[in-house]
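Notes to accompany the following structure.
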């Protein structure tokens, strides 16, 4: 949130001679300073001022309004001065670690210290009613984004040492951090609100709002208007009598604003059809009775719309369109001080042209006298020309731009004409009727200031050097300005006076030329005190008001007449009432239907003046119960509301309800108590691709009527027709009337989608295709014809696109045809495309939210050597769109970018593959594989996953067709040193691997192995078996088969002997659609799979469908035969449908598979290929995709009508089992003793109770709590590098291997070395005590003992750099060691949770939704171009589409929430990553 703060311009000096004042001129004193100055400020209601020297950080104080200055002793190296807004005697001077506070305007200072420097953003939080209660925020640690820091507090004004409030916070503030908030109420005096890290995650999507009344000994998460807590909190601010917080859901830039007037009841702010986006709104200076927000109209233009809330801060209506903004978020908007209802704004006149082509803005100034409800031109006396003034986006002085508390006196620099010109072409204008009429005061631009309640106006030339200061005693009328001549020329930097504008003394900060060259800095003190006598009663107008009726009487503004006692403009006197602000009196007016009312939320204005009406907006829903049955009319609001804060008396017809005909509104559909279905037919032979554009439920959590808009699906048929539905497939319409060859949903922003044609034209929507939001742009070239990925997206900058086009490719077979990459930073808009690199195969943005600190502009590309298509590839990098480039590797086969790692495969001269990994995009280290691992050439890699601070890598051992298998090896925390996890793992010809991680739980994975590898090496057919791990690959076991099948019959083998009789399930290599997963991120602990019980995996024809609800420890057979499945309402519904044969029904379970019910969706059978729902599995709707004879069909099945889902589920984190949920803890099946321990702790998850008749709907944080940490056991460790696991589970040195001296790393530049150990703790484990004594200790290298002690003595700061190894040292990339408080050697890890101590149990990135199967394939075997493409094309019917795997972007939209945790791009490594148009 950006705020208009008074701009404090730099200023400085040491002492210089003063100029004696003449009787007819003000007293002038000049003080010179050696250095440039900053932070020139007054203490309110006094003549005491402070200023700071920039170069040395010294602070100077004046007790006489700048006449004389003295340096404050013992205060130096100051970074910032901050005054209390609520105590005009208090201020804090912030140094690097030592700080000072005063309670007597700087006469005396007390010091206090913090461990680290203050935050540059908001270092101090003042309490509005207790000046001794203060928060101090330390600088945030941003090395591993996102930025988190520590906050201290004091309750005695730092008389005692400040105490730590909270460690990992984004921001904190007092509840009573604004004068108007809880004003006069005797409660919440010690209440503090903080936005902190997530419960078990450092990722910004998990940030929480916490409230505490006892300085965070205890804290609670407030429930928002939906009755639930909300994660993803990004910002917070106090605005008059409101506190506003903003939250951002994952995978979306859209924000939700929540407001409160007491921190107990929170409201979700509603903006009608408009979206609020991150970094795209400014909370303006608001009123005591409403919040005013300026919202950007587009991410790419500095222009907005201004909205004003009702008195509760919940419903916002649009007041001003096309407001002018700048890139810093400042808005040309100012309320005229002390005058109610008067607002000055600048608007963009040529907004259409500016929005479309970015041509220069043409600005107009407008003024409102009714708080922004209506606006009029600024007029100059005696002229017809409009006046336009420079405003907040072009500041030239500190404080307010136009006004001060001096009643009705307003000044500004601008020009007359059609539009606002340059500042230097402007003149100074003045108004003494609050902007109603203006006249030119002085020609040329001037800085200006108000004194003595407007009796004195001072101005100084602002376009260069001058030796004059101008002043007026007659409200700035044109001929009333007099000159003060200086003996030297100055360049004015700042002109200021007391904030209340009651003083006759002014200060000017300026610079002047020095003898011998250069400039010196001066503060000039001006005192007008003795120039005029004090005013008498006859000199005042006792009832001055802003506007007057035609009869000369004051007019009504905001429901009353606001009257001031003001000096007459021509009175020859000074008021001299210093430090007393002018106070108005009020006379109430009767309510007027035109003047005192505006359109209510959900209604749009139509017409002007007396003809103005408020008509229901398109997005407005009917009131509950309206137009049901045969009703012809319904009662509704009038559409009008009294303007918030309006004080008029009486009532009018505007406040009465009206009757509206039902014909004006869409009839409510009849409510059903049954499951419903809608079947839609399409022309075509295949569904080419389909994607869900899911709007995060949090964004609309308390607007259930809009739920239908949340479930948008886009789909493409092989007829090249793109379709779209917003209600999960009940009604479909064509997305665009054009031939579409590909759909690209944005990988990181669910609202964005792109429809590609075979030409340069690209259709796109930034709002999921809603509200006629589909537009088009011209790409720089046609799409490439090399079957490469055409579009790439930036994880953080949603409008940054990479386009992979083809040049000279219009003719088929043209030898000059080649690929070219382009960048747009404005979502493809006109003239925004810049060429990057030609002859490329792939270009990718490298930035990620966590763990990789690189420039947002950094891009990696694979480019053909010497710019020849088909030549060997090289990996190149740039952070300026390839104006300069760096070659990272030559002979590159492929590279993959994942959450924490970038992995690059290169081919050596002998044909072997080498793998290098990096964490930061610049320092690479070659992967060290288990010694003696390869007796043959390294032929192919598949990068499987990197979500648990380690890379899982499949290395192919046998690459022969139909005989492929390999080993899964697992890396250390920097991706360089690997140990064996599981051997003989099945792979197919395309590089896909039978490996899948469970969604929602870390460390659980399933794989299929080839049981007869020796026979397979001799050409025999594979015999496959399934294995499961519950400790992140450290140990694998067969799947426990159920005792009986679904017909209650025993199996033919002994299920107690798992080695000979276990469950085997079909894996990733056999799926038509890789988006189909065993598990769901929101149905925690549940998996479904197709397979059989026996000694090995058999065919699909012999398979049954199985289910587990305890993360794979036990399984049950639920149906004979092969079924496809989906989870709904976070596991509350499980729907299955027969796959591969004609059917007219589905089965569903509402009790985790205990009982299955049949629902018939059609009168005749259709062939179903897939069943899908929204990626988060939170919906009550499903879609079946299939064929009906020669036509394609999509069937919506809607469970929302069932009585089981009428009520919203209740969840209470404080009493988790009291409502509709139980607590469930995952277990390790082989754990000795404490079975509830998994990864060294007992985790508790929310799971809906069986039989609870309610809908969960809005996504909940399933992780409830880490109940406790467990004592370490063997299960918390895996074998270290150079060691292998023996059948008994112990780790021993690989036979015949000579271990290097661990101290050798010291000779290569390292500062520390470790004892060798056969074990390493699994990075996920948080176990404590009984740590295995084999764990190696850390030692200092010779010469670094002192640094070692100093570093390892650090404590308290959440993250610190512990050691950086050169990348050759021990194969390290440069990694960080996170240490626990007791100095015990902890795990070495990087990434999102690396910022927390092990003792914090910061292990969970919930839910784990990394790409589970194949993520990246590298192969050295040449592929015949097109063979894979043909293979994939045959599978398009499943929605997998012709695209090989844009990974999350493709399949996050269909199955499982791959977006949730790891921004794994998951490219296929190898020439399989092709794209065709």
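Glycine residues also receive a Cβ, built from the backbone N, Cα and C atoms like all the rest.
Checking Swiss-Prot for region 'Disordered' across the ranges 1019-1050, 1051-1082, 1083-1114, 1115-1146 points to 1019-1050.
Among the residue ranges 589-616, 617-644, 645-672, 673-700, the one that Swiss-Prot annotates as region 'Disordered' is 645-672. When Swiss-Prot is compared with the stretches 1406-1426, 1427-1447, 1448-1468, the one noted as transmembrane segment is 1406-1426.
According to DSSP, the repeat 'BNR 2' (367-377) comprises 0 helix, 4 strand, 7 coil. Residue 288 (N-linked glycosylation site) counts 13 other C-beta atoms within 10 Å of its own C-beta, drawing on all protein chains shown. The two recorded residues residue 1269 (N-linked glycosylation site) and residue 1018 (N-linked glycosylation site) have their Cα atoms spaced 49 Å from each other. Confidence for the repeat 'BNR 1' (100-110), expressed as mean pLDDT, is 96. Summary for the glycosylation sites 1018, 1269: the Cβ-based neighbour count within 10 Å is maximal at 1269. Here the C-alpha separation of residue 1018 (N-linked glycosylation site) and residue 288 (N-linked glycosylation site) works out to 83 Å. Broken down with DSSP, the repeat 'BNR 6' (1147-1157) shows 0 helix, 4 strand, 7 coil.
Note on the repeat 'BNR 3' (429-439): DSSP counts are 0 helix, 5 strand, 6 coil.
Long-range contacts of the repeat 'BNR 6' (1147-1157) within its own chain (CB-CB distance under 8 A, at least 6 residues past either end) are made by residues 675, 1086, 1107, 1109, 1116, 1118-1119, 1123, 1131-1137, 1199, 1204, 1250-1251. Beyond the repeat 'BNR 2' (367-377), the same-chain residues lying 6 or more positions past its ends with a Cβ under 8 Å from any Cβ of the stretch are 287, 292, 306, 308, 319-320, 340-345, 386-387, 434-436, 546-547, 557-558, 595, 598, 643, 645. A strand conformation is recorded for residue 1269 (N-linked glycosylation site) in the three-state DSSP classification.
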